[in-house]
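For reference, Swiss-Prot has these:
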type	residues	note
ACT_SITE	74	active site, proton acceptor
ACT_SITE	300	active site, proton acceptor
BINDING	173, 348	substrate binding site
DISULFID	70-96	disulfide bond
MOD_RES	74	N6-(pyridoxal phosphate)lysine
SIGNAL	1-23	signal peptide
């Protein structure tokens, strides 16, 4: 497949000029370590180190050494702080880390991690070249991309380790579709591209449903075996991996050589798996408490009218901090162990809650937006029900919008 080195060099040069090598804002190795003063922050997230390590240990026990773990820490460890958690990953002996951005790769390597580092999405060519110093293994699921990646590797005088992605489960995102003759030819051709070392074949499941996962797994096993036979790949040198958190917990036969848990590491699992602990809590403060008469309206658009004389607490958090407008007149927060309702529209930096039935609430009190306070809890189920989306859609934003504080327990 002909390709102009001059055109490739020009395109990469323009990409590097127009975009930084990092696909996310620079991350800190120490951002949020316990010296952060919560009194200086309008909102913050607390990251439970002991819970994170418990979840890794629980998963290691369940796998019993039969499959290795690749801890997926993309999106700054799902908003939990990759720099904060890498010491635990290293201490727990996790052999592989999965990331999305070059910035995450930098933090992983600077933490002292010497193990396997995988990018769990297809890179832009400019990203791929900039990531070479991190010895990151790249996902390849397209022949044209493979050829261009090969030229980059050749120019740097080194082979590029790749994971060949197959579209076995119908995700239609990063993998070669092996159901067509052209797709099968392309997959074999990728294994023959010079300067690329295929060390793994992988897929990704599209649905959290055991039957769907098993169907995708059956297709993957058949396609991967066909590919290894036709391309004459040494099975002993190929890692097969497919399982995300759901498949890891619910479909044991999907474990293969390696699993790629993400959410499970942070306690985000299906409800039946209570053995995994929640790692993040989202918190704020009460700024003030005011009294308003019956009939007053609350917030922009007058969406809530007080049905009685009421005490309203002003909370120092809003949608710019990740507490979305979806919680308008629907959300519940915890103050001093009381469940109190959000009233009126959530503003950019403020929300109001009705504390009429919680007379002990005062300025300066801690507010739990997600997590525990005493015996009370704001649960994943109620948050997802109100927001109408996965909890990860929220906590990745909470963690990347607010200071993070690492707690030992």
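Counting starts with 1 at the first residue shown.
Every residue, even glycine, has its Cβ placed from backbone N, Cα and C.
The Cβ of residue 173 (substrate binding site) lies under 8 Å from the Cβ of 167, 204, each on the same chain and at least six residues away in sequence. Of the candidate recorded positions, 96, 300, 348, the one lying closest to residue 74 (active site, proton acceptor) when CA atoms are compared is 96. Rounded to a whole number, the C-alpha distance linking residue 96 (disulfide bond) with residue 348 (substrate binding site) is 39 angstrom.
DSSP classifies residue 70 (disulfide bond) as strand under the three-state reduction. Other Cβ atoms within 10 Å of the Cβ of residue 300 (active site, proton acceptor) number 13 in total over all chains.
The number of other Cβ atoms within 10 Å of the Cβ belonging to residue 70 (disulfide bond), over all protein chains shown, comes to 26. The least crowded of the recorded positions 96, 348, judged by other CB atoms within 10 A of its own CB, is 348. The distance from the Cα of residue 70 (disulfide bond) to the Cα of residue 348 (substrate binding site) comes to 38 Å. Across the fold, the C-alpha of residue 300 (active site, proton acceptor) and the C-alpha of residue 348 (substrate binding site) stand 11 Å from each other. Its own atom aside, the Cβ of residue 74 (active site, proton acceptor) has 19 Cβ atoms within 10 angstroms in the protein chains shown.
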